[in-house]
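Reviewing the structure listed below.
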Amino acid sequence: MSTETNNSNTSTITNTKTTRVPITLITGFLGSGKTTFLNYILNENHGKKIAVIQNEYGQSIGIETAMIVDSNGEKVQEWLEFPNGCICCTVKDDFLQSIEDLLKRSDKFDYILIESTGMGDPGQISSSLWVDEELESPIYLDGIITLVDAKHVEKHIEKSKASEKLSMNNSNNTHNSGESNDSKYYSTEVERQIAFADIILLNKIDLLDQNNLEKEIASVESKIRSINPMAKIITTERSKVPLDQVLNVNAYTPNIDLLKDYINNSEKQHHHDNKNDEKSCDQCSNHSKHINTICITQDFDVDLDEFTRWVGNLLWDEKKDSIFRIKGLISIKDDKEKYILQGVYSTFEVLPSGLYWSENEKRHNKIVLIGESLDQSELEESFKKLKQ
Amino acid sequence: MVTVCATPGCGKYAKLQCPTCFNLNLDNPSNFCSQACFKSFWPIHKIYHQPSTGNSDDLPAKFKNYDFTGSLRPAKVTPMRKVPEGIELPDHAISSIPLKEKEAYRKNAPIIVYKPDEIEIMRHLAKMSREVLDIAGNVAKVGMTTEEIDIIVHNAIVERGAYPSPLNYYQFPKSCCTSINEVICHGIPDERPLQDGDILNVDVSLYWKGYHCDLNETFLIGNVDEQGKKLVQTAYECLELAIAICKPGVLYRELGNVIQKHAKKNGFSVVKNFCGHGTGRLFHCVPDVPHYSNNKAVGVMKPGHVFTIEPMINEGTWQDQFWPDGWTAVTADGKRSAQFEHTLLITDTGVEVLSKRAVGSYIDRHF
């Protein structure tokens, strides 16, 4: 007896070659302005038909009545229509089921937004939405947006450092303070949300010290970059952002220009970090469990199968659960085409990019990894073993 | 013409013909070696005398207005069978919900590495499972119903002290899956007699001493056309080629590349919405083993992993749909689908086909 392939529930609806509907995942810590962002989308006149799927625990958006009970006593979803064409629903626990319900509706949608608070790890949700191309699903994952509260985010991150220090100092005694454990948990969540993002909305900048605004923004940005140097950062007030800047970004299609942006951002940040590190390593060594970014650059060609196995071993074994994002430009042996590596959490793919190495171009591999306490030389040595 | 006794597993020369078969003037009357054999097989054999169902007037209500993709129609499904007292039951046997499986998926549990003593149990279980499938394969012939095959499989399993894993699994009503022609998988045994030229997949799973084993084969019923034989042969070769690359260090995602390449080379497509799976302590668990290429399946093979590979290969489109019974998965274009399945163990140096045949290698079949 066989099992159904993940996400297969959506594919039964396909068989026509209609345009596929993009999905954007929205994450953000409590108070980051996520609800305001969703309200903004639901009420703004943007000329798009957007569906919003929000989880049950989301508050204050005024859709508590959206969950109704049918004659069998089962909770069913009810979609709320908004005058601008948007619709919205709350779900109990099954995103994919809601998406399927949505696609069964006769009216067409341009876009689906999913809010992911309280639904566990953004990494797991995004890997389940990143459907295999072969399945010809009517949906595709466009990107992950994380909202960040510009005024409080540093405090959240600092808190986690503090509680970590505390737990390191009292390693035999970590359960003595429920409060510090809680704050550690939440703060780590903030960092993970930042680490997984393709786009970060640095929100509530109107609450920063307006006399010192540039400096304050730069400081928060640098903090965010130290966690995720790849993501695009957009500053916002009251979650307002032109939608074309954050939707239809195609973060999960093998697009080499986009990849180059990501890698350049990361390298800049990486060199910057290294300079600091040479002087004082305190920042990283004190917080061994902190999220960091590694950039591997090597100029030998790799075998496609061996490389894929190397990445698999890294994500599922050696660095299991501690690599959040991975992106890379890969030079495959005996292949003129440039390959692109992309990964979220435990899911990754290595695909040809459609672009070729030119004659006078130096073939090379560039891999950027975001994760928890990654070791540059360890990973570099491990990668070098692929050289024959 | 030498005829063989119709009692499963008897194999003796048959000199007596069933009088009811004779009176009904059936095309394929059953013969028996002795009165004893005839008497013992009668409870099952008599079903064979019932007039065939399957015309649209008889369709259950849920099938009315259903636009069938092919020519196969559902027939009467008998009530669920019980297992004798004393047989160890998996959690879904009572509640129909495999709670442990759901729990493992929810917790994102890792791939299980089985210990030597567990593997010993699974080896023995796989041997029994193979015996049961071979019995089903030997009895399947023109005129027999899949209901009869299910009875035989059910009895063979409980005789061995095991539980038929599909029975009541999410309310699946029977003890094995029988998938004919355009049925990709999970066909429900019913009272439709097999017809000359059918291809029939029988999927058998046993639960014994806390472990599951899962295997299936596609059998040729009577005279199957060349294209049908080629389809079945290709499905078999796809499984064979996939098994050949299994060893520690290989990624589960690589299997799909091998399978799809071979299917495509022969002009066939690969079903994408059903996949192989981890098995053992749970009927279905990680790893997911898709059979199509460029999949992003998670997991690397390690010694002690136990899983199935079960490519479903189609004559036409890879797309599927469900019958209104909620189980029977058929090809969207009504063309035929064939499948083979083994339960495999990754060893220190390669792979062991747990559900292999007792005689000969697992690669000795030709159609």
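Using N, Cα and C of the backbone, Cβ positions are placed for all residues, glycine too.
A TrEMBL annotation is a machine prediction, not a hand-curated record.
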Of B:Asp214, B:Asp333, B:Asp348, residue recorded by TrEMBL at the Zn(2+) 3 site of B:Asp203, B:Glu341: B:Asp214
Per TrEMBL, member of B:Glu240, B:Glu310, B:Glu315 binding Zn(2+) 4 alongside B:Asp214, B:His277, B:Glu341: B:Glu310
Tertiary neighbours of B:His284 (protein binding site) (same chain, Cβ under 8 Å, six or more apart): B:Pro98, B:Glu101, B:His277, B:Gly278
Binding-site residues: B:Asp203, B:Asp214, B:Glu310 - member with fewest neighbouring CB atoms within 10 Å: B:Asp203
Inter-residue C-alpha distance, B:Asp203 (Zn(2+) 3 binding site) and B:His186 (protein binding site) (nearest angstrom): 8
Three-state composition of the domain 'C6H2-type' (B:2-56), taking helix and strand from DSSP: 22 helix, 6 strand, 27 coil
B:Glu310 (Zn(2+) 4 binding site) and B:Glu341 (Zn(2+) 3 binding site), distance between Cα atoms, whole Å: 4
